[in-house]
Structure formats: structure tokens, C-alpha cells
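**Q** Attaching a single structure in C-alpha cells format; questions to follow.
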Amino acid sequence: MTIQWFPGHMAKARRQVTEKLKLVDIVIELVDARIPLSSRNPMIEEIIGQKPRLVLLNKADMADPVKTDQWITYFEEQGIKALAVNAQGGKGLHSIVQSAKDILKEKFDRMKSRGMRPRAIRAMIVGIPNVGKSTLINRLAKKNIAKTGNTPGVTKAQQWIKVGKELELLDTPGILWPKFEDERVGYKLALTGAIKDTILNLQDIALFGLKFLETHYPDRLKERYSLDEIPEEVLAKFDAVGKKRGCLMAGGEVNYDKTSEVIIRDIRNVQLGPMTFDMIEELESDDI
Ligand code: GDP
């Protein structure tokens, strides 16, 4: 589902996350491993403040594994622990509890030394729409949903999901908005399915995808569309792909909208192999 973010929505989303923050020890921030920066909320640091955080690069199965490792190092250089996971298939999820324990070790040791009874770590998941929050919660929940709600007088009862004995997760995630003002970010969000392609111009998204492929994965582009060479001129690129894929109008001319749809769908469905669209190198040029 695509949510149109208006200032009122953003303020409400922010308020909801801020309220829940008080209940938890740690925030689990989900990002899309294909776009670890473009899929982050622009105000995440400000919203989360000093709260300890674990970043999960989800959908790692669709991302370039070499780049995913680079992004994990990038986050770690910022002092943020990051893990690559696949919420759908379950890969990497077993490390979440241990990582949360490591991050909170000092706090929990302190609580223990003050004579407090040991308790499970409390966590909440936050992230932009479609990043995999519900998939992750369902996957972690299995049959362990602990109903703590329905207490008379408690209007906003929260439900906690037990993940083993040592972690409790709020059952509703915090939904945050992506950053829209930069069109490159918009294209990347569209190509990964985070936002509907109707928000942006279809052909612009496809062109961005084509140029990206040409620059970073030219061999895959050639192979997918059986091209000997990638034409230089923009229309010629569309013509080449459109002809190969039979996206033609009645008169035999290439239908650019249809060709754009094919390109976007192929990229989203990982038909050109796992790929990462945010590049560490781009950070230096401030150009993500
Ligand atoms: P939410 O809006 O953040 O709750 O996102 P959802 O949990 O609804 O997931 C959005 C889409 O991404 C769904 O189609 C999921 O099946 C898919 N998805 C979630 N996690 C993964 C993953 O790790 N790998 C892949 N390939 N797909 C995933």
C-alpha cells in the first residue's frame, strides 16, 4: 500500500513512534538492503534520539551481497550495529536477539547490579511502508503472541510478542515516511516497489533504471534483453529493449509506456539478479 504523506500524517506518525519509544529498550530499524539510505526516514536520528538501535537490512535476498557487506560496515562506522536479514525466508533472523543483548548489555548489567529482576528486552520495529515490517513481525511471532491488552481502564493496551525468552516485540510497528523531495530517491523507491510508480512518471523511472543498469550492471542488461551493445541515445535504448520484448504498437513502433513497465517490473522482480541501488561512493558526492 502506498501512503501519501502530508504534513499531518507525518506529525501523527512521528507522535505514535515517540509514544511507543517510551515503552521499549531498543528500536529495530528496518531498511531495504537494496536502498539502505533511500529507504530510511529522513528524520530518524531526531525521532529516535538516544534510544539504542539495531538496523536490519531486510530483503537481503534481493540485494547485491557485496554491497550489503559494505553497508553493514558503513553503519558500524557510525556506531550502529546492522544485520542483513530476509524476513520472508527467515535468513539472518536468529542473530537479532543476540545483537539486541549485546547492544543493551551495559544497561541490563546496570539494572542487575541495582538489584532489579532480570526481564526480557523490549523492542519495537520502525520503518517506511513496504520495507517488510509485518512480514518480520509475523515471522518472529510464530505462535508466541502474548496478549497483554484488554486490561480494564487501559485504553491503549499494547500487545507484546515474545521472541524466545529474552525479547519482547511490540506487535504494531512504527510506520515512518520516506524522503521524497529528491527525485533520485523517488526513482529508487519506485524501482524497489516501496512506492507506486504512478507517483512518478513511468518513463522517467524506467530511464533511471536503464541508466543505472548501464552504469553498474551492463552485462546483466545486455543479457536480459539480448543486446550486443547498449545504444548511447536514450530513445534507442528504449527501442532496443522494446523490440526485444515485443512492446510494439499497431504500426510496429515501440510502445514506450509498455517498455517502461517491462523494465520496472523486471527490476522489481529481480529478473536481472540481486542489485543494490544506493552506493556508498555516492555519499561523497552527496548525490543519493
Ligand atoms: P510493511 O509495509 O513494512 O509491513 O511491509 P510488508 O511486511 O507488508 O512487506 C512488503 C512486501 O515485501 C511483501 O510482499 C513481502 O512479502 C515482501 N518482503 C518482506 N520481507 C522480504 C524479504 O526479506 N525478502 C523478499 N524477497 N521479500 C520480502
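Even glycines carry a Cβ here, placed using N, Cα and C.
Note that the structure is predicted; figures quoted are calculated from it, not measured.
Features from TrEMBL:
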BINDING   Asn58, Lys59, Ala60, Asp61, Asn130, Val131, Gly132, Lys133, Ser134, Thr135, Gly174  GTP binding site
DOMAIN    14-178  domain 'CP-type G'
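I would like each feature placed in context: is it buried or exposed, what are its neighbours, and how far apart are things?
**A** Secondary structure at Ala60 (GTP binding site), as computed by DSSP, is helix.
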**Q** Near ligand 1, which of the binding-site residues Asn58, Asn130, Gly132, Gly174 have CB less than 6 Å from any of its atoms?
**A** Asn58, Asn130, Gly132
**Q** Output the one of Gly132, Gly174 that, of all these binding-site residues, has the highest number of other Cβ atoms within 10 Å of its Cβ.
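**A** The most densely surrounded of these binding-site residues is Gly174.
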**Q** For the GTP binding site, please report the maximum Cα-Cα distance among Asn58, Lys59, Ala60, Asp61, Asn130, Val131, Gly132, Lys133, Ser134, Thr135, Gly174 in Å.
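**A** Across Asn58, Lys59, Ala60, Asp61, Asn130, Val131, Gly132, Lys133, Ser134, Thr135, Gly174, the widest Cα separation comes out at 24 Å.
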**Q** Here are some binding-site residues: Asn58, Asn130, Ser134. Which one has the most Cβ atoms within 10 Å of its Cβ?
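**A** Counting every other Cβ within 10 Å of each candidate, the maximum falls on Asn58.
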**Q** Note down the number of other Cβ atoms within 10 Å of the Cβ of Ala60 (GTP binding site), including every protein chain shown.
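**A** Cβ-Cβ neighbours of Ala60 (GTP binding site) within 10 Å number 25.
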